[in-house]
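S.K.: Quick one: the structure is below, and I'll ask about it shortly.
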Amino acid sequence: MAQRMTTQLLLLLVWVAVVGEAQTRIAWARTELLNVCMNAKHHKEKPGPEDKLHEQCRPWRKNACCSTNTSQEAHKDVSYLYRFNWNHCGEMAPACKRHFIQDTCLYECSPNLGPWIQQVDQSWRKERVLNVPLCKEDCEQWWEDCRTSYTCKSNWHKGWNWTSGFNKCAVGAACQPFHFYFPTPTVLCNEIWTHSYKVSNYSRGSGRCIQMWFDPAQGNPNEEVARFYAAAMSGAGPWAAWPFLLSLALMLLWLLS
């Protein structure tokens, strides 16, 4: 009798530990990976409403990591944000430039990139994003709209001549059509910002990839995406039901013992 009670007590303790661990992981995912801002050059400490966000950054106005001023600067050539010159190989086509503006808005404003934030040791930022699963249609359209524009590099994070205060092509770096340096949409989106993005096989609306473009009237679809990946990273995603199944098995053992 005493042995049976000891066994039952041990089973109960195991059940409590398992369920407790699962709840801890879920809580960690919610606080550390969701609704957060990067520790970077222009980001706010915490996301919040910004009613006057400018033009292409407006989809994030209900909950943003960027200020109104940052959103305005995101639309300018050689803005104070990073002194980056989109027209380094002649005038960039407006259809192409709008993708880079949207890319900047997503980077500066989105509070839904937590699952992909990584620490870095750089003078201008302490954190970056890595391998954000960008919806394939957003990447394909970006590449298509930039086919007629020119550039001189495949990695825009490094290798520029900054002596004039903004980026210019390095000596010997020839200006070529985008498709010369970016032969496919995947190369463009994965390589241009040193793997900040990783093109997803999922489509817009799937809940499994980050949308650069969305209609705020329909809500922010990237919130669901962030929750999915945060849960998966915390070990509480598709396996969230296993504590219950284990507890059920333990209870059966208890009854049969």
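Glycine residues also receive a Cβ, built from the backbone N, Cα and C atoms like all the rest.
Quick paste of what Swiss-Prot says about this protein:
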BINDING   ASP103, TYR107, TRP124, ARG125, LYS126, GLU127, ARG128, HIS157, LYS158, GLY159, TRP160, ASN161, TRP162, SER196  folate binding site
DISULFID  CYS37-CYS65  disulfide bond
DISULFID  CYS57-CYS105  disulfide bond
DISULFID  CYS66-CYS109  disulfide bond
DISULFID  CYS89-CYS175  disulfide bond
DISULFID  CYS96-CYS146  disulfide bond
DISULFID  CYS135-CYS209  disulfide bond
DISULFID  CYS139-CYS189  disulfide bond
DISULFID  CYS152-CYS169  disulfide bond
CARBOHYD  ASN69  N-linked glycosylation site
CARBOHYD  ASN161  N-linked glycosylation site
CARBOHYD  ASN201  N-linked glycosylation site
LIPID     SER234  GPI-anchor amidated serine
SIGNAL    1-24  signal peptide
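Any idea what these are sitting next to in the structure?
M.R.: The secondary structure of ASN161 (N-linked glycosylation site), as reduced to three states from DSSP, is extended strand. A 10 Å cutoff on Cβ-Cβ distances gives ASN161 (N-linked glycosylation site) a total of 13 other Cβ atoms nearby, all chains included.
CYS37 (disulfide bond) carries neither a helix nor a strand DSSP state and counts as coil. With a 10 A radius on its CB, CYS37 (disulfide bond) counts 22 other CB atoms from all the protein chains.
Here the Cβ of CYS57 (disulfide bond) has 25 other Cβ atoms within 10 Å, regardless of which shown protein chain they belong to. In this structure, CYS57 (disulfide bond) is part of a helix by DSSP.
Using a 10 Å Cβ-Cβ cutoff, CYS109 (disulfide bond) registers 29 neighbours.
Neighbour list (CYS89 (disulfide bond), Cβ cut-off 8 Å, at least 6 residues apart, same chain): SER149, TYR150, THR151, CYS152, CYS169, CYS175.
Within 10 Å of the Cβ of CYS96 (disulfide bond) there are 20 other Cβ atoms, across all protein chains.
For CYS209 (disulfide bond), the same-chain residues that are 6 or more apart in sequence and have a Cβ closer than 8 Å to its Cβ are PRO133, LEU134, CYS135, LYS136, SER200, TYR202, SER203, VAL225.
Long-range Cβ contacts of CYS189 (disulfide bond) within its own chain (separation 6+, distance under 8 Å): LEU134, CYS139, TRP142, TRP143, TYR197, LYS198, VAL199.
Around the Cβ of CYS169 (disulfide bond), the number of neighbouring Cβ atoms within 10 Å comes to 17.
When Cβ atoms from all protein chains are considered, those within 10 Å of ASN69 (N-linked glycosylation site) total 13, not counting its own.
Counting every protein chain shown, 10 other Cβ atoms lie within 10 Å of the Cβ of ASN201 (N-linked glycosylation site).
Cβ-based neighbour count (10 Å, all protein chains) for SER234 (GPI-anchor amidated serine) stands at 20.
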S.K.: Among the binding-site residues listed here (LYS126, ARG128, LYS158), identify the one with the smallest other-Cβ count within 10 Å.
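M.R.: Least crowded of the binding-site residues LYS126, ARG128, LYS158, by Cβ count within 10 Å, is LYS158.
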S.K.: Taking TRP160, TRP162 as the binding-site residues to compare, which has the smallest set of other Cβ atoms within 10 Å?
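M.R.: Counting other Cβ atoms within 10 Å of each of the binding-site residues TRP160, TRP162 gives the minimum at TRP162.
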